[in-house]
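The structure appears right after this line, and notes come after that.
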Amino acid sequence: MPKRSEEMLMDLWMSLLLVWITCVPCVSVTPIIGQSKSTQTGGSAVVASGLGEGQRLLSRAKRGWVWNQMFVLEEFSGPDPILVGRLHTDLDVGNKNIKYVLAGEGAGTIFAINELTGDIHAMKRLDREEKAEYTLTAQVVNADTDEPLEPPSEFIIKVQDINDNPPQFIEGPYRASVPEMSAVGTPVTRVTATDADDPVYGNSAKLVYSILEGQPYFSVDPNSATIKIALHGMDREMREEYLVVIQAKDMGGHMGGLSGTTTVTVTLTDINDNPPKFSKSLYEFVIPEDLPIEKMGGKVKANDRDIGENAKSTYSIIEGDEQGMFIITTDSQTQEGILRLKKPLDYESKRAYTLKVEATNIRSEPNSGVPFKDTATVKIVVEDSDEPPVFSKPMYLLEVDENASINTVIGTVNARDPDSTGSLVRYFIDRHTDLERQFNINVDNGKITLAKPLDRETDMWHNITVTATEVRNHSQISRAIVAIRVMDINDNAPEFATEYEAFLCENGKPGQVIQTVSAVDKDDPIQGHYFDYRLVPEMLNNPNFTIKNNQDNSISVLAKHDTFRRQKQEMYFLPIIVTDNGNPPMSSTNTLTIRVCGCSKDGIVQSCNVEAYVLPIGLSMGALIAILACIILLLVIVVLFVTLRRHKNEPLIIKDDEDVRENIIRYDDEGGGEEDTEAFDIATLQNPDGINGYLPRKDIKPDLQFMPRSMILVECNLDSVVECLAVFWVLVIRCDCQ
């Protein structure tokens, strides 16, 4: 009963509102001169005329549209079109012939309007997620003339949302990792779901998260979707991977809501929570005493349940290796400890070793900073082997003078058998290192003697290999390098460093240095070289040259006068004696060749030949080159001048294309008729001095005299040089004449 009363009261208020809208118009009068104007202000304008000439009375009534926004429910699929709303205006009073017109988004296709009543219907099924609202325009026009009765008005039809889209995890499935042994509540990862429904209308897009699978290890925050650790002490070595299923439900998680799920694969990452552990506490190895240095003698292994860097360990010997005989390293691939020899073993000295080996994690124990460790005992037994002889030195250095006599003892090598049996040793020279057999060795005592004379200047060093072999076992052989240095004696005389050839200028000054001379000596004295230079006795009073010591094992040769001439003497020979400071001293005579040359004012040598000196008219080579260049330049100028003149027209009396010749024939009646006929060339008569004003020359070919200038050059290339010069002369004459 109360509900019915409320409905009646609502109907009464609506009726009063409609009466007020239709019965209380607002009218205003505005004079308009020359024109009428309708303004859209939310009401319809009615124009009244007849007040006077040129004036109108404008009456505006408030528009009677009764909508603000219209709504239509999405996904409606009834048998009939759904009514969206109704348009109504003050002009629709029953006696007016009007109709409603709809335009805008979806007008005529999605939305249709009843032209008479203004009812708007949705003709198709709408989806808010595809388009949430439509903007349309309504207008009232005359039904007969389609003239608008008022300006168009714009309105919006909104599509109301329904919960028709489930939550979706766009980025799923997820993978995450978290360190093992993490505390409860440690965040693992966060997932995100989206809902295409309207987030501001109702609870269609309000999501709540829950965990469907993965308990009791993990939990999820219902609002933020953050996955967290829910169980204490999760050990990777027990289980490494977990599968978690997360659900997102809309409508705030209430009944009737839609839901979506995703999976999260959680992997526990390793931490260093396990110590290394040797597979056994005692290792035993038997190593032969002849095992080479750096070779492997055994392996140990400490296992670690961790992985990666947390499982890596380093090995060390902490006890039992006071002599430093062994070293242990880590194999990066297998994480094994490799025991190697650092020094050679000797069965006769020590036959067993007991070592304590420790394996230590590279990374420290969590929360303590102390690395995990484990130890094991390694027992090594040395096995006796038949060893080869051992030389007292790995390399011997011996010296011998280059003038030593045959069978001179150079030195001695010594080797012994390290075995307890002590076998005898025999010595030999490896002849592959002494191909010329310059040395011998005593097989019993190892004394090395000289077999052939030595020359230091040929070979300063001799490297031979000596072998020591056990008498009891010939397969046991050792080798040693013996380096023999040949000591120097003064047995070579000094000589010039090179074959000098000095040049002397004719216009040189007295005391001028002609050449600096140095010497070399194949010997190599300990105190170094010192050379003494002097002229041969018969040249001590040489009137032309002298020498000066430069105090650096070299001398300078100087000229005594400036009257040297090539015509008088072209070459001089100066013998010089060079003596070293050896014991006994050695000397040699070397001859310096000196050439007399013609030089420039600056002292630069230009020519050393006598023939070049007697050039015609006393001209130098530079002057001849300059004269030749001038001649070539003149010839080029002449050729260019002729080429330019060739392009000008020649003023010939008779042109080539008008070569007309006339003959005057004289008849002698008393004569013999045609036998007395004489012919004359009219052109010759017109130009008795020859073509172009000059007479033919007998020293030039006739065909060249009357040839066009463009052809003369071609002919010149084919004839002799004399004829070419004649052609140039003719050209010059012709140019002057024209």
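Note that Cβ sites are derived from N, Cα and C of the backbone, with glycine treated the same way.
Bear in mind that TrEMBL entries carry predicted annotations, made automatically and left uncurated.
Just so it is clear, the model here is predicted, and its values are computed rather than measured.
Annotated domain 'Cadherin' per TrEMBL: 89-169 (among others), in sequence order.
Under the heading domain 'Cadherin', TrEMBL lists 170-278 (among others).
Averaged over the domain 'Cadherin' (279-391), the predicted model has a pLDDT of 89. According to TrEMBL, the feature domain 'Cadherin' maps to 279-391 (among others).
Taken from TrEMBL, the feature domain 'Cadherin' applies to 392-496 (among others). Taken through DSSP, the domain 'Cadherin' (392-496) splits into 3 helix, 48 strand, 54 coil.
The feature domain 'Cadherin' is assigned by TrEMBL to 496-618 (among others).
Under the heading signal peptide, TrEMBL lists 1-29.
Here TrEMBL flags 613-642 as transmembrane segment.
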Going by DSSP assignments with H, G and I as helix and E and B as strand, what are the residue counts for the domain 'Cadherin' (89-169)?
0 helix, 35 strand, 46 coil
